[in-house]
Amino acid sequence: APNSLCLSPLLQGLSHCLTVGVEDVDGGGDAAEDDGTCLPLPTPGDPHMLVVPGAAPASPSLPERIGSATSQSSAIINDRLQELVKLFKERTEKVKEKLTDPDVTSDDESPSPAPTAPPPPPPGEVPPGDKAAGDEHYCEMLCCAFKCRPWLDRLKSYQFPSSIDPLTNLMYVLWLFFVVLAWNWNCWLIPVRWAFPYQTPSNIHFWLLVDYLCDLIYLLDVIVFQTRLQFVRGGDIISDKKAMKENYLHSQRFKMDVVCLLPLDFFYFKVGVNPLLRFPRCLKYMAFFEFNNRLEAILSKAYIYRVIRTTAYLLYSLHVNSCLYYWASAYEGLGSTTWVYDGEGNSYIRCYYWAVKTLITIGGLPDPKTLFEIVFQLLNYFTGVFAFSVMIGQMRDVVGAATAGQTYYRSCMDSTIKYMNFYKIPKTVQNRVKTWYEYTWHSQGMLDESELLVQLPDKMRLDIAIDVNYNIVSKVALFQGCDRQMIFDMLKRLRSVVYLPNDYVCKKGEIGREMYIIQAGQVQVLGGPDGKTVLVTLKAGSVFGEISLLAAGGGNRRTANVVAHGFANLFILDKKDLNEILVHYPESQKLLRKKAKKMLKNNNKPKDVKGQPGSPLIIPPKADTPKLFQAALAAMGKAGGKGRLAHLRWKLQELKAMQTAQVSVGRTCHGQKFPDDDFAFFWILQDPSFSPIPPKSPVHRRSPTASPKASTPPGEEIFSKSSDNLVAIRVISAAQEDEEILAAEISQKEEEEEGK
């Protein structure tokens with residue numbers, strides 16, 4: 001039924017093409033300029049001609065040009081018909097297979113949805129294509145011209161978000177950078193302007209300009225950004241404007257931001273421009289710690305930033321101490337004693353040097369003279385010891401956290417080397433173990449990546465596994481058509497293994513219980529008589545060993561050796577893990593077993609079978625002695641006749657006896673024995689005194705050829721009798737072809753003689 005349904009439109013189209021072809025030939029080729037869907041008829045002499053019953057042949061008086069064109073068109077028609085018939089056969093086989101086995105899924109991909117047409121633009125609005133064409137601007141730079149949209153247009157079209165995610169929004173992290181920059185300006189320069197005489201009436205305008213620019217950044221952070229930050233309440237992410245504003249107004253951060261922006265600058269009109277009145281600006285420390293957390297979350301090597309931040313803490317404590325030392329010196333009087341600053345050189349550098357020697361307790365400082373100097377020096381010593389110990393401890397934690405993985409790797413390697421030395425493992429094995437440790441650490445940054453994923457929830461581990469392995473596993477032919485959730489569960493069971501160069505991934509003959517997926521590197525499949533011939537090289541993304549996961553009887557044996565060509569990182573799926581997964585997916589299990597049986601059946605089919613036509617034999621086999629001839633020889637032996645058959649039988653026996661004697665003499669000739677007939681025969685040929693009758697060479701022996709046999713009517717009898725009339729042979733043809741009946745009769749006289 002499928003064939004008849006598929007061939008009916010083909011026959012209709014063929015008849016239509018033939019009809020148009022006849023009209024084209026009769027009309028002089030007007031239709032030859034058509035689109036090529038229908039072709040003219042070939043000439044009668046064309047070997048590829050299509051014979052149509054009832055169609056009149058083309059006229060032989062047509063020009064040669066039309067004849068060559070029709071011959072070419074007939075060949076094209078035949079090729080197209082053959083392709084169509086082949087496609088119809090394949091389609092019919094697929095339909096039959098689906099009808100007989102409904103569990104087999106189609107290998108074709110699911111059709112992708114048709115692209116939906118974009119909705120028409122509202123009236124009065126320019127279509128997107130026309131708008132984009134109108135907004136194209138070309139900028140010339142040197143010898144190049146490129147499209148660039150004016151920054152002013154981009155700025156006008158930008159819309160500020162109504163809510164901001166503080167955890168993932170990079171724009172918010174950038175804004176925090178500017179807030180922290182303003183905060184550092186206040187923290188570092190307010191003590192300098194208060195203690196050192198760097199703020200003068202000539203440069204007061206510069207200091208005030210930068211101060212109020214920092215205040216503007218503070219104000220924008222409170223009004224624009226902090227009131228748009230999303231927050232979590234009861235597990236839900238709140239992005240409502242009113243709720244976000246209320247949440248900020250009731251938070252502790254809002255109170256600190258209000259204190260930071262206290263307008264103490266109005267006291268400038270009464271006491272003058274005193275930098276200490278801006279000290280509340282330093283209380284915006286919460287923005288600094290938030291920026292640290294957000295920046296460490298997006299940096300790949302956050303420990304570098306931690307080291308820089310800890311160093312900045314130490315430098316800032318020295319900076320504040322140098323400012324206090326200059327203030328104390330100015331209070332006591334510059335150069336009044338040997339302990340205070342004498343007023344020579346760069347005041348900030350010299351005071352900073354004194355602060356470093358004091359806080360780090362290097363020594364070599366002048367002794368304080370007055371009570372104020374003694375108290376100030378004691379407070380410096382106590383603060384220096386405490387601050388320096390805290391900085392050292394924090395720096396140790398930062399460096400330790402940064403090198404924790406390296407320390408773990410080194411401890412594992414040292415323990416392994418100690419274990420191998422204790423049991424006196426060979427140096428070659430120890431070197432391979434060291435190489436594995438070094439390559440695994442440098443390529444992955446860890447020894448076992450599964451240890452990091454254990455702490456993550458199951459859903460996040462699945463997301464990571466999908467991003468890493470799904471594109472490779474989905475291309476495996478064995479798993480195509482299976483439940484997608486089953487493949488997801490399988491991805492979580494994959495484990496990563498690193499193989500060194502020339503390591504055997506699997507060996508020929510062993511039971512296969514794993515499937516391998518090449519993540520990085522290459523492996524070679526070895527075979528051939530010596531087992532060292534490279535059959536194929538598999539690269540990253542290839543899969544092998546998948547049939548062994550579902551093979552019955554404990555797993556099929558490997559048919560070849562697989563060796564790592566260089567360093568190779570493979571993902572391995574155990575058969576045990578797959579069976580645990582398939583328990584929950586019976587339909588996928590049924591489908592996988594059918595596919596595995598089919599793949600095993602295809603792999604076990606012999607490629608070359610001896611005796612098939614087209615495979616010639618170099619040495620033809622020896623033809624067997626016909627049964628009829630053997631029976632005749634046996635009968636003549638019993639009869640003891642002297643005819644041709646008896647003479648031939650006697651010759652064969654004599655030849656056999658000569659060959660036996662030749663072998664026995666050759667083995668013991670001249671008192672020497674040979675374990676092999678070939679060596680004995682070679683020695684006999686070298687001895688001129690020995691000249692036995694050589695046996696017949698099997699190379700020069702001609703194989704008997706079957707002669708044509710005359711057909712004998714069934715039931716006809718062929719009779720032959722010996723010369724002494726003691727043995728009679730009858731050959732009777734049977735009713736079936738190539739069958740004959742042989743009968744041998746011995747006279748009673750001969751039987752009596754044998755009995756005596």
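Every residue gets a Cβ built from N, Cα and C, even glycine.
Predicted automatically and left uncurated, TrEMBL annotations should be read as such.
These numbers come from a predicted model, not from an experiment.
Record features, source TrEMBL:
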REGION    96-132  region 'Disordered'
COMPBIAS  112-126  compositional bias 'Pro residues'
TRANSMEM  172-192  transmembrane segment
TRANSMEM  204-225  transmembrane segment
DOMAIN    478-582  domain 'Cyclic nucleotide-binding'
REGION    693-719  region 'Disordered'
COMPBIAS  704-714  compositional bias 'Low complexity'
Surrounding residues of the transmembrane segment (204-225) on its own chain - C-beta under 8 Å, 6+ positions past either end: 160, 164, 172, 175, 178-179, 182-183, 185-186, 193, 254, 257, 260-261, 273, 278, 281, 284, 287
For the transmembrane segment (172-192), sequence-distant contacts whose Cβ falls under 8 Å of one of its Cβ atoms, 6 or more beyond its ends: 164-166, 198, 210-211, 213-214, 217-218, 221, 225, 229, 275-276, 278-279, 281-282, 284-285, 287-288, 290-291, 294-295, 298, 316, 319-320, 323, 348
Summary of DSSP states over the domain 'Cyclic nucleotide-binding' (478-582), given as helix, strand and coil counts: 21 helix, 46 strand, 38 coil
